[in-house]
Structure formats: C-alpha cells, structure tokens
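For reference, the structure discussed in these notes is given below.
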Amino acid sequence: MVLRKILIVFAHPALEKSRVNSKLIEEVGAIEGVTFHDLYELYPDMDINVKAEQELLKEHDLVLFQYPFILFGMPALLKEWMDLVLVHGWAFGRNGNALKGKWACHIVTTGGSKASYSREGYNRHTMKELLVPLEQIARLCGMRYLPPYVIHGTNVMKQKSIDEHAKHYQAMLRMLADESFDPASRDAQEYLNERFS
Amino acid sequence: MHEGGFFFQAFVYLTAAVVSVPVAKKLGLGSVLGYLIAGIIIGPFVLGLIGEEGQNVMQFAEFGIIMMLFLIGLELKPSMIWKLKGSIFGMGGAQVFTTALIVMAIAIMFGLQWKTSLALGLVLALSSTAIVLQTLHEKGLMKTDGGQNSFSVLLFQDIAIIPILAMLPLLATGHAAVHEAHGEGATQAFQAWMDGLPIWGQTIAVLGVVAGIILAGRYLVNPAFRLIALTRLREMFTAAALLLVIGITVLMGMVGLSPALGAFIAGVVLAQSEYRHELETNIEPFKGLLLGLFFISVGASIDFLVIASNPLVILELVAALIILKFLILAAIGRVFRMSFDNILLFALALAEGGEFAFVLFSFGLNNGVFEASLVNPLIAVVALSMAMTPMLVLLNEKLIQPRFGTKEMPEKVPDRIDKRSRVIVAGFGRVGSVVGRFMQANDEEATYLDADPDNVELLRKMGLQVFYGDASRSGLLEAAGAAEAELLVIAEDNTEKVVEIARTARKYFPHLEIIARASGWDDSYELIDMGVSKIYLDTLDSALRIGGDALSRLGHRKYHVRRAMNTFRRHEENHVYELAEMRHDKKELIRATKQRIEDLEQLMMDEREELHKDKNLGWDTSGHTNDEHLMRS
C-alpha cells in the first residue's frame with residue numbers, strides 16, 4: 001500500500017474538557033501515514049513558528065483541519081495559524097504554489113444537530129454554507145477541497161455513540177491514508193462522513 | 001567478645017554484608033537472604049568467625065526493628081491507621097488466635113500440657129516483621145493488597161506481644177529459672193518500682209508514658225528540632241534523631257511495653273511534622289545497618305548441631321509450621337475477600353516464625369514455661385522458617401505467580417491522599433514560593449523542600465506541605481519521593497546549591513526530569529551539560545516584561561511588542577545553549593557572541609524594513625519567516 005501522507009492540524013482550546021475530540025484523537029498516532037499536529041499544545045502563546053509549519057505542510061499530501069465549531073467558525077489560534085502560514089508568495093499569489101494539488105478537508109464537531117444546520121433550522125445555514133470562506137481559502141491555494149467531516153450533537157452524546165464515532169473516524173483516516181483510494185471518488189456528498197459508512 | 005575485639009568483629013560483620021548482599025541482589029535473591037547467608041557463613045558452624053556472642057549482637061540488632069517501625073510510623077498518617085483498623089484487628093486478631101489455638105491443639109495431641117501448648121501456640125503465631133517488611137518493600141509489594149494486609153497483621157502481632165509477655169509467667173508449669181535481670185541500673189530500679197505498684201498504678205504509668213510520647217511528639221519535638229536545625233550542624237540533627245528513638249526505647253522498656261510499638265506510635269505522631277523527611281534521612285542508614293546485623297545474627301544463630309542431630313524431625317517441623325500457618329492465612333484471606341494473587345503473597349509472606357519468638361522462648365525458659373529440650377530445636381525451626389521466607393516470596397514471584405496468578409486488574413486511579421506527589425520543588429524562596437503557589441492554585445500537590453527552618457515553619461503555618469532539609473543530599477531527595485516522582489523543579493535562590501542539587505539528582509535519580517532556575521551564564525552552561533531539560537535565566541522574563549512595558553509606554557503597539565518579546569526570548573535562550581556547546585573555546589565564544597548581537601540587530605531591522613517593503617503580503621511579514629535562517633529552534 002502506498003501511503004498518502006496526512007497532516008491533522010488540530011485546534012482545541014480546552015482539550016482537557018473535551019469528550020468527543022479527545023476520544024477521536026486517542027489512537028490517531030498509531031495510524032501509519034498520519035501526523036498529528038496539536039496547535040494549542042505547540043503554540044500556547046500564539047507564537048507560531050511559520051517556517052516550521054510551512055515545511056510540515058510541504059511534506060504532506062492531505063491536510064485535515066480538526067476543531068470544535070465555535071460561533072460558526074474555527075478557534076482563534078487556527079485562524080491565526082492560517083493568517084501567518086498561508087501567506088502570499090508561498091501559498092498563493094504569483095509564485096505561491098506550495099500547496100497546489102494537495103487535499104484539504106475540515107473535521108468539525110458541533111453541539112447542534114444536523115437538522116439545526118439547515119435553511120429551516122435554528123442556525124439558518126447548512127454547514128457547507130458556513131464553511132464557504134474556508135472552501136475559498138483552499139481554492140485560493142490551489143488545493144482540492146473535500147466536503148467537511150461533521151459530528152453533530154456532541155453536547156448530549158452518549159459514551160457508546162462517541163466510541164462508534166471514534167471507530168468511524170479512524171476507519172476514515174485509514175482509507176484516506178491509502179494512496180489508491182480516491183477521496184473524490186464518489187459523487188459530491190454533503191458530508192465526507194457518508195463516503196465511509 | 002571474640003579475640004581481636006570490637007574492630008575485628010565489626011570487620012567480620014561488615015565484610016560479610018558487603019560481600020554477600022550485592023551478590024544476593026545480583027542473583028535476584030534480595031538483601032535479606034544475602035544477610036542470612038552471610039550470617040550462616042560467618043557463624044559458628046561454617047567459618048566460626050563469630051560465636052556465642054551472636055546472641056548479644058542480636059539483642060543489640062533488634063534496635064534496628066525499633067527503628068524500622070519508627071520509620072514505618074513516619075510514613076503513616078493517623079488517618080491511614082484509622083482506615084486500616086478493620087484489617088489490623090480483624091485479620092490480625094483472627095490470625096493470632098486461630099494459629100495459637102490450632103498449634104495448641106496439636107501440641108496437646110503430642111502429649112504436652114495445655115499451658116505449655118498455649119504458650120507455644122502464642123509464640124509460634126507471630127511472624128517476622130523485619131524479614132517480611134524488608135522483603136516486601138524491596139520488591140515493591142508493600143502497596144499491593146497482600147502487602148498492606150501483611151503489614152496490618154504484623155502490626156497487630158507487635159501489639160499482641162505486650163499481653164503475651166504478661167501472660168507467659170501465668171502459664172508456667174515447672175520451676176522458674178533464676179530471673180535474669182533485663183536492663184541495668186536506673187531502668188532496673190524503675191522496673192522494680194513499677195512491679196511494686198498495684199495493677200491500676202501500673203496501668204496509669206503505662207498510659208501516662210504513651211500519652212507522654214504522643215504529646216511530646218505533637219508539641220515538643222518540632223520546636224526542639226527547629227532549634228537544632230538553626231545551628232546548621234548536620235550531625236546535631238542526626239544525634240537528635242537517634243536520641244529520640246533511643247529515648248523512646250528506654251522509656252518503653254521502663255514500663256515494660258514493646259519499644260517497637262512505642263517507636264511506631266512516635267513515628268505516626270511525627271508523620272505530619274515538617275522534619276519528617278529529614279528524620280527519615282537520618283535514621284534510615286542506621287536502620288538499614290542494624291537490620292542487616294539482625295538478619296546476620298539470625299543466620300548465625302541457626303544451630304546446625306541441633307539440626308544435624310535430628311535433621312528429619314527439624315525439617316518436618318519447619319514444613320509443618322509453614323504449611324499450617326500458610327493454610328490459616330489463606331483461609332483468612334478468603335474470608336476477607338482478597339484476590340487469589342494477594343492471598344498467595346499474604347499467606348507465604350507471613351507463614352514463618354518471628355524474631356520475637358526468640359525473645360519469648362528465652363523469656364518462657366526463664367519463667368519455667370518451657371523446657372530447654374523443647375525450646376532448642378524450636379528456635380532452630382523458627383530461624384529456618386524465617387530464612388525460608390525470602391525464598392518463598394521469591395518462588396511465588398518467579399514460579400507460582402507467572403503460572404497460576406491471575407493478571408492484576410489495571411490499577412485504578414491512585415488515592416490522592418497517600419499518593420506521593422509527582423513533582424518535587426527544591427527551594428521555597430522568592431522563586432520557589434511563586435512556583436509553589438501557582439501549582440497549588442492549579443491543584444497540583446507538590447512536595448516542597450527548603451533549607452531555611454524559619455521559612456519552613458512559616459509556610460507550614462500557611463498550610464503548605466513544606467519539608468525542612470538540604471535537597472542536595474540524595475537521602476532527602478529519596479525521602480521526598482524522588483524515586484517515584486516525575487519532575488524536579490530547582491528554584492533555590494543560592495546558585496551553587498542549584499547546581500549541586502541538579503548534580504545529586506542526576507546521579508541518583510537519572511529518570512527524574514529536571515527544570516532549573518539559573519542566575520548566571522556559567523551555571524547555565526553547567527546545568528545544560530548535566531542534561532537538565534530546561535533552564536530559566538533568572539531575570540530574563542521580568543527584564544523582558546519591563547522592556548516591553550517601556551516600549552508600549554512609548555507608543556509601540558502592544559501586540560507587536562509582545563511578539564518582539566517572544567522573538568527576543570527565543571533568541572536569548574537558544575544563545576545560551578549554543579554558547580554552552582562552544583564555551584571551552586574562548587576565541588570561538590567571543591566571535592559567536594558578537595555574531596549573535598549582530599544577528600539580533602539584523603533581525604529587528606529586517607522586521608521593520610519588510611513591513612514597509614511589501615504591503616501586499618499578509619499582516620505578518622516579518623520576524624517569524626525570517627528568524628529561521630538566523631536561529632535554530
């Protein structure tokens with residue numbers, strides 16, 4: 001099996017209180033081809049080492065941004081990371097093609113149900129719509145954008161369900177790490193989750 | 001004494017210990033077996049280097065057991081004892097009474113009188129505190145269920161010795177031999193006075209002494225130790241610690257109580273004193289040596305002539321004793337719902353006879369309870385069974401457990417109360433106190449060490465777990481739990497001390513991660529060379545904060561200042577590490593230092609220039625992308 005190298009850019013400001021994300025990442029280190037990159041642990045002062053981050057990105061084929069959805073967006077440090085690392089002349093612009101052809105995907109956990117993220121629902125927008133700026137960032141950098149991998153209803157989730165999600169997540173990572181698997185293989189679906197069920 | 005006198009004796013004992021114990025340890029047998037074998041070898045039946053006076057040595061060496069119980073007491077808080085009360089009185093009581101009654105029944109069957117049989121049962125019910133605790137401790141089994149329960153039973157036995165001693169004369173059948181006076185001079189006079197008292201008077205005297213020990217431990221010892229600590233004479237502290245234990249022994253001897261029990265009580269009372277670790281450090285080596293001496297004399301006292309005259313009978317008796325006690329203990333373990341593994345450990349560890357059997361046998365002999373023809377082979381039986389114990393525990397560990405043992409369940413979350421802290425903070429001065437308060441505020445209990453008695457006293461009053469002592473001594477670090485801790489924070493004010501502490505910790509506890517405060521360049525280099533994980537330049541952070549505040553007061557944007565501070569700090573810290581590598585080359589050092597200053601200037605300049613050069617780039621065009629070719633990080 002040829003490996004597709006996966007970088008998980010992980011941003012959780014309070015992992016010590018997390019139930020779902022902490023379970024998801026529990027055994028992530030054991031999956032071959034996956035680099036787990038914990039931003040809040042690495043840069044507690046937001047003092048991001050840009051050069052090192054760019055080198056890391058270059059070494060990987062697929063970038064997964066994983067975080068809890070906070071006020072319809074990502075945690076502050078991840079935004080800071082994007083602002084600093086994905087700069088003109090490197091990630092985009094005339095000579096900026098360092099990320100061209102790589103895959104990008106967002107793994108999002110949220111307390112709201114799937115139904116609440118719809119036109120009729122409480123949040124009035126679908127997840128895809130709320131992630132539009134991130135889709136655009138990926139396109140700007142010439143990356144291939146995958147639909148988001150979303151876990152809904154995390155606030156009231158039972159342990160058994162969390163365990164199932166963790167298994168599913170790990171299976172997804174294993175498949176993505178296989179070079180022969182085409183992430184875009186099936187028809188565009190709303191969530192990436194559906195491709196691995 | 002033997003020819004050659006005291007020094008020759010000491011030479012023989014120490015040689016035997018120094019040669020045999022490391023060999024035994026290397027072979028995985030544990031130190032107790034090593035000492036026992038050494039005793040047999042230098043004893044009257046192999047080399048004959050020590051003779052009859054082995055008995056005298058043993059009486060002296062029993063002092064090691066007293067010290068051991070004192071140290072055990074120091075490790076136990078009264079609340080722990082209270083928690084153990086069920087197992088102490090339940091299991092301990094069950095073990096002593098059941099064993100005594102069954103042995104008695106068997107002895108009557110063999111035609112002994114019931115009085116003698118009962119005395120025999122009581123004596124043989126006891127196990128060896130010294131051998132069991134030392135062996136379990138060495139193998140790290142004290143914290144297991146089996147270890148804890150063994151300890152409880154041993155504690156009950158130690159308490160039970162007092163009534164047994166009182167009862168033995170009542171069980172006399174023959175004529176009492178000439179009463180051999182124990183103790184001398186004043187002690188004897190006092191004992192005579194005690195004997196003259198009516199029963200209620202004796203009881204009051206006994207209770208008074210125990211209460212005295214508790215009260216003195218509570219209110220007298222701490223201030224006294226504080227005064228002694230203030231003299232800063234290390235040997236005075238050692239002397240005072242020894243005085244304390246010996247004083248208790250004398251006092252308890254006077255009222256006829258077990259000194260071991262008294263020392264244990266004193267230890268418990270002092271368990272919460274700030275001088276606890278220092279006391280441990282001082283008593284520990286004496287305890288170790290005296291216990292070693294004790295084990296050697298047990299080995300030497302095994303009477304091979306008696307064994308040789310009737311080898312089969314003796315061996316059968318040893319086997320019978322061990323099997324009987326094992327079965328009773330195993331049954332008790334079942335009743336108290338211990339797991340299979342723990343029952344095995346518990347029952348094997350306590351299946352032997354105890355050192356107090358020697359005392360009680362000779363006491364009973366003098367009081368006409370036993371006859372010499374009965375006692376002599378039994379002493380050999382008890383000694384042999386004691387020598388077997390470390391082997392049985394070893395056998396259990398190497399052969400029985402791996403085959404029949406159930407795998408222990410994954411450990412549950414350890415109890416926070418009796419758990420040793422994961423971090424030790426050395427130095428509770430200006431820096432250490434902030435480190436400590438910060439950790440306390442974040443619910444991380446640390447063990448604090450400080451060498452200033454006034455400071456320690458003050459902080460104890462504020463409710464912090466601070467202990468007095470010099471952290472550059474391996475003994476104090478050991479007592480503070482360095483073997484189990486994960487992290488050592490050195491926050492000492494005194495620079496030389498910081499380096500000393502790091503050196504000691506590196507040498508004796510190489511697993512311990514160290515982070516340390518450093519005030520100057522030279523000690524920074526030294527700490528880096530030693531492999532300290534991270535050093536903190538003493539004034540760097542506050543200086544940077546002052547500089548940063550100055551900049552922002554002059555109108556610089558605060559976020560820019562904060563980032564500039566980070567850059568500068570990183571630069572400065574890397575610099576120390578690089579200089580540490582090349583400091584032995586003076587020329588290179590000067591060149592590198594110059595280069596560094598230039599680099600930093602360049603870096604700051606670039607940052608400004610780039611900002612003006614290209615407005616199209618992201619908001620952060622400087623510092624971070626550029627500092628990489630200047631800095632390794």
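Here the Cβ of each residue, glycine as well, is placed from N, Cα and C on the backbone.
Per TrEMBL, the feature transmembrane segment maps to B:6-25 (among others). Note on the transmembrane segment (B:6-25): residues 31, 33-35, 37-39, 41-42, 49-50, 53, 57, 292-293, 296 of its chain, located 6 or more positions outside it, place their CB under 8 angstroms from a CB of the stretch.
Long-range contacts of the transmembrane segment (B:32-51) within the same chain: residues 2, 9, 12-13, 16-17, 19-25, 57, 131, 134-135, 138, 292, 295-305, 386-387, 389-391, 394, each at least 6 residues beyond the stretch ends and with a Cβ under 8 Å from a Cβ of the stretch. Under the heading transmembrane segment, TrEMBL lists B:32-51 (among others).
Among the features that TrEMBL reports, transmembrane segment is placed at B:57-76 (among others).
Feature annotation from TrEMBL assigns transmembrane segment to B:88-112 (among others).
When Cβ-Cβ distances below 8 Å are used as the criterion, the transmembrane segment (B:118-137) is approached by residues 30-32, 64-65, 68-69, 72, 95-97, 99-104, 107, 112, 147, 150-151, 153-154, 157-158, 160-161, 164, 167-168, 171, 260, 291, 294-295, 321, 325, 349-357, 360-361, 364, 369-370, 374, 378, 382, 386, 389-390, 393 of the same chain, each at least six residues removed from its ends. Under the heading transmembrane segment, TrEMBL lists B:118-137 (among others).
Taken from TrEMBL, the feature transmembrane segment covers B:149-172 (among others).
The transmembrane segment annotation in TrEMBL covers B:199-221 (among others).
According to TrEMBL, the feature transmembrane segment maps to B:233-254 (among others).
Look at TrEMBL and you will find B:289-308 (among others) tagged as transmembrane segment. Within the chain carrying the transmembrane segment (B:289-308), a Cβ under 8 angstroms from the stretch's Cβ atoms is held by residues 13, 16-17, 21, 31-32, 35-45, 50, 54-55, 57-58, 60-65, 67-68, 130-131, 134, 314, 355, 358, 376-377, 379-380, 383-384, 386-387, all 6 or more beyond its ends.
The feature transmembrane segment is assigned by TrEMBL to B:314-336 (among others).
The transmembrane segment annotation in TrEMBL covers B:343-365 (among others).
Positions annotated as transmembrane segment by TrEMBL: B:377-395 (among others).
Helix first, then strand, then coil: DSSP counts for the domain 'RCK N-terminal' (B:420-544) stand at 56 helix, 26 strand, 43 coil. Per TrEMBL, the feature domain 'RCK N-terminal' maps to B:420-544.
Looking only at the coiled coil (B:583-617), the predicted model's pLDDT averages out at 67. The coiled coil annotation in TrEMBL covers B:583-617.
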Segment proximity, the transmembrane segment (B:314-336) to the transmembrane segment (B:88-112), 3 or more C-beta pairs under 8 Å: yes
For the transmembrane segment (B:343-365), distant same-chain residues with Cβ under 8 A (at least six beyond the ends): 58, 62, 65, 95, 119, 122-124, 126-132, 135-136, 141, 144-147, 149-150, 153-154, 157, 161, 164-165, 168, 171, 177, 294, 298, 301, 321-323, 325-327, 329-330, 333-334, 371-372, 375, 378-379, 381-383, 385-386, 388-389, 392-393, 395-396, 400-401, 404-405
